[in-house]
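In what follows, a single structure is set out as structure tokens and then discussed.
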Amino acid sequence: MDPNHMNDGSSSGGMEMEIMPGYTELITRAYSVMFSAFRDCKDCGLELSRRTLLDHAYITWTEIFMFLMCAVMWTKVRRGLTVYIFEPFAQWCCIQPKDVSKMPESAWKLVFYTMSWSYSTYLLFFTSYSFFQNPPSVFYDWKSGMSVPTDITIAYLIQGSFYGHSIYATIYMDAWRKDSLVMVVHHFITLALITFSYAFRYHNIGILVLFLHDINDIQLEFTKLNVYFKTRGGKEYLINDVLSNMGAISFSITWFWFRLYWFPLKVLWASCVTSIQSVPHIPFYFFFNILLFALLLMNIYWFLFIVLFVVKALTGQMTEVNDVREYEDENLKEQKDTNDQMSTEGKHVQNGITKKKHL
């Protein structure tokens, strides 16, 4: 038998399922299956969605309360680490003043994503779960209202509450960037996927999605921290320059490999095609697949920033690693804001004087 195929009579009704296709097969099969499912859905609409939600969504008030408490906890923990550890450490290292306010954000995200991705890695490669090696298995033996294993429940609580916190943090705590609005949309979509996949017991594929995305955030924040620490006390440090370049290269490669190769060919293949083979009338099929495709589109959007970064580096427009999502005219904007504010107070501001931006 082809190693990319399997036959599990007990789990898939004797139907042979391809584990991982190519791009062309994914597109053609996904279109065919989704169009056929839409055509066969005679009573699709709000009423069917309402009935499906009531019949198949299982989530308790205790779980909702735990989610809210943990989201608040992440915000408090981040504030505490920022005030008592990250900012004092940045000042002690004498990094550039413009980076002191940005460093705690990256340090916090590096700590969290390292923890969360390590746990997802443990679940997928050091337990009995085979979702990464055999993506169609995420829907084997699926039943409405089935119990969620405790280890996966913990992962969902950690990730769901973090993205609840991240919506608030992106708007009120993080530095505002060119893609911040897209980031807010991303967090809402991710939170919706986490919440509904847990309620409908699609937790197996959810763990795979989280694993494929968190690794890039680790590399991104690692790279940014080395950029911030490259200049300390007015001196340039070669080790941080080397590490930031290595981080940028690995980030670019793994972004494509994890989010644009494995994600569509493993996750979207399982959710669009093999899910219907395992569960012919799987609830909220279109809803989840639309969200997953939206996530793919945002991954492509951010990949354009990566391509822009590579092009600038290769053409000599960028002499050092920096975040191309940052506003290039940030200083000009700050100067304009200062001039506007001071002019309303009847004071004169000379060119070149700016104030510190508070984020």
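The backbone N, Cα and C atoms fix where each Cβ goes, glycine too.
Pulled from TrEMBL, these are the features on record:
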type     : residues : note
DOMAIN   : 101-315  : domain 'TLC'
REGION   : 333-359  : region 'Disordered'
TRANSMEM : 58-75    : transmembrane segment
TRANSMEM : 110-132  : transmembrane segment
TRANSMEM : 152-173  : transmembrane segment
TRANSMEM : 180-199  : transmembrane segment
TRANSMEM : 242-262  : transmembrane segment
TRANSMEM : 282-311  : transmembrane segment
Contact check, the transmembrane segment (180-199) vs the transmembrane segment (242-262), 3+ Cβ pairs under 8 Å, seq sep 6+:
no
Stretch contact, the transmembrane segment (242-262) with the transmembrane segment (152-173), Cβ-Cβ under 8 Å, 3+ pairs:
no
Report the listed stretch (58-75, 110-132, 282-311) having the maximum count of Cβ pairs within less than 8 Å of the transmembrane segment (152-173).
58-75
Can you work out which residues elsewhere in the same chain, 6+ from the ends of the transmembrane segment (282-311), have a Cβ less than 8 Å from its Cβ atoms?
34, 37-38, 44, 49, 52-53, 55-56, 139, 142, 144, 179, 182, 185-186, 189-190, 192-193, 196-197, 200, 202, 209, 248, 251-252, 255-256, 259-260, 263-264, 267-268, 271-272, 275-276, 317-318, 324-325
